[in-house]
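Below is one structure, written out as structure tokens; the observations come after it.
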Amino acid sequence: MPKTPHGGSLGGTWGVSQCPVGCLGVPLGAVSITPRAVPGGLWGHLGGRRPCGGVCHVTRAAWRRPWGPEAEVAPRRRRGAAVTLVGTGGMGCPEGPGDCQKGPLPTMFLLPCSALALLLLICLALEPPPRHPSPSNPAFRLFQREFLLGYLPALAADWLQGPLLFQLLQRRGFLRSQIAALYSCGFASNVAFGLVSGVFVDRLGRKKSCVLSSVLCSVSCLLQLSQDFLALAAGRVLAGLGTSLLFSAFESWYIHEHLERHDFPAEWIPNTFSRVALWNSGLAVAAGLVAELLAEGLALGAVAPFLVAVPFLAVSGIFAGKNWDENYGKSRPCSKACGEGLRGLLSDPRALLLGLVQALVDSILLIFAFLWTPVLEPHGIPLGIAFSGFTAASAAGSALFRRGVTGRLRLQPLRLLPGSILLLALALLVLALPMPLPATVDFLAVLLLQLSCGIYFPTMAFLRRRLERGGDRAGGVRWLRLPFSLGVSLVLPALPWDPAGIGRVFGAAALAALVALGAAGGILGTTQGDEGLRVGDEGLLEGDTVE
């Protein structure tokens, strides 16, 4: 009975997936290596470690096949590359003994690290200085600090769950269609609950909703320890509900306390949310690095970031529960709230077009959130560091927006919106190319996509805020997003997984981006001469880009 390098027994009915065979001490010449997906998991037998410097893992075969010459192995391969390796007598890796830890791995490690360092320097160079000094009122500073101490740990926990979710489920041995179904559970619950989250938070109480968000996300993280599909599906549903509360309850609690209980000037609110945005970018970059350190550097496995997120959620929930006062919103029927938003959206063609752009782009980003790991992982790029690079690229895009709008160029958000969507479409078209792409090209395309998002989000926030002009069309935008996002969630498990199929998915996403580009052009054409949608000589007003 063969043994793993860590002393685990493989038994007589184990197959190997995505592993150069020498990791298990089996001569490469004894096996035929062919690409094949294998469900079930033996990750625990390896103690959570990945031999060969983090290149492979082992799974239990669903079919009965004895260990020996018939064992089948599916090594990692570049997107679009066929694998038909037959042994050469080396110890496991195609290039010979020990090459699992050599070859392209240093390059694949340096690529995201170099991009991350460069993007962080760009952010520092482009970030314009603050236009107004921070309020020095001691009571306000204390109140702001209490809010940040409750909110930032929850944001850190949310980011920690992002880099390695796909990898965790893949190592558990689930098929990609099953992983897609789990992602769909999270996407659908988040979007559907988003329709009523505002009314729910107002009725339950905003402080209670903040604590509930921490509880739901904590349970979701703990359920990632399970190997059961239904338990993991429940975890994704809870994560969707908790995330929806995270991005509604905390901010609505703060605004009510700021204005109603403490009676601070409304002009100070953007100061707090600007600090939140700055901290959020830093936490996102740090989360990817911490996830990589825990999973690969300390060999604790892909579940480790989820477990580390639980104490952050506990700190957030306990701090908010003990130190924050409760407040409630206006009690109104859910149907009335949604109906008012929908009527407001339909009454203005510009708002309708803007909502269409947002719905299309959000749907594209849902697809990307699922596919970025299958695109980059076969190249051997460390996923946690790549994730940090994404968030740094997004932060660089936001810095470009602020510099372009407030600097000497005086770019207008109305023109930046189609520009950002055009960059998004170009990135998707590169990923859709029907040919094997080098790791550098794939990674740069993903960074370009994230850079475009960094420009898009503050642009969209500016235009939405100016178009609403005190009205409430948020409910209408959620209704517009619902069919698109639920459609993506339903289609996700049926997506093709061959390289050509993934390319076609990105091609369809690029077409959707071009439709969004046309809608953005329509907004530009219908708002000519509207000074309310332009940035004046005074530059961005406080709160213009705060969602």
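Positions of Cβ are set from backbone N, Cα and C atoms, glycine also.
Worth saying up front: this structure is predicted, and the values here are computed from it rather than measured.
Segment annotation: TrEMBL labels transmembrane segment over residues 475-495 (candidates 13-33, 475-495). Comparing 147-169, 301-321, 413-437 for CB pairs under 8 angstroms to the transmembrane segment (351-375), the maximum falls on 413-437. Residues 178-179, 182-183, 210, 213-214, 217, 220-221, 224, 232, 239, 243, 246, 250, 254, 257, 272, 275-276, 279-280, 283-284, 286-288, 290-292, 295, 301-303, 305-306, 308-310, 312-313, 315-317, 319-320, 323-324, 370, 373-374, 377, 383-384, 386-387, 391 of the same chain lie 6 or more positions beyond the ends of the transmembrane segment (147-169) yet place their CB under 8 Å from a CB of it. The transmembrane segment (108-126) makes contact with the transmembrane segment (443-463), as judged by at least three Cβ pairs under 8 Å among residues 6 or more apart in sequence. Between the transmembrane segment (501-524) and the transmembrane segment (301-321), the number of CB pairs under 8 angstroms, six or more residues apart, is fewer than three, so the stretches are not in contact. Outside the transmembrane segment (181-201) by six or more residues, the chain places 166, 169, 174, 209, 229, 232-233, 236-241, 243-245, 248-249, 252, 329, 332-334, 337-338, 366, 369-370, 474-475, 478-479, 481-482, 485-486, 488-490, 492-493 with a CB less than 8 A from a CB of the stretch. Taking Cβ pairs closer than 8 Å, the transmembrane segment (381-401) reaches residues 54, 108-109, 111-113, 115-116, 119-120, 122-123, 126-127, 159, 162-164, 167, 277, 281, 284-293, 295-296, 372-373, 416, 420, 439, 443, 446-448, 450-459, 545 in its own chain, all 6 or more past its ends. Counting only same-chain residues 6+ beyond the ends of the transmembrane segment (443-463), those with a CB under 8 A from a CB of the stretch are 111-112, 115, 119, 354, 357-358, 361, 365, 368, 372, 375-376, 379, 381, 386, 389-391, 393-402, 413-414, 416-417, 419-421, 423-424, 426-428, 430-431, 437, 523, 533, 535, 540, 544-547. Note on the transmembrane segment (301-321): residues 43, 48-49, 149-151, 153-154, 156-158, 160-161, 163-164, 167-168, 171, 207, 210-211, 213-215, 217-218, 221-222, 224-225, 287, 290-291, 294-295 of its chain, located 6 or more positions outside it, place their CB under 8 angstroms from a CB of the stretch.
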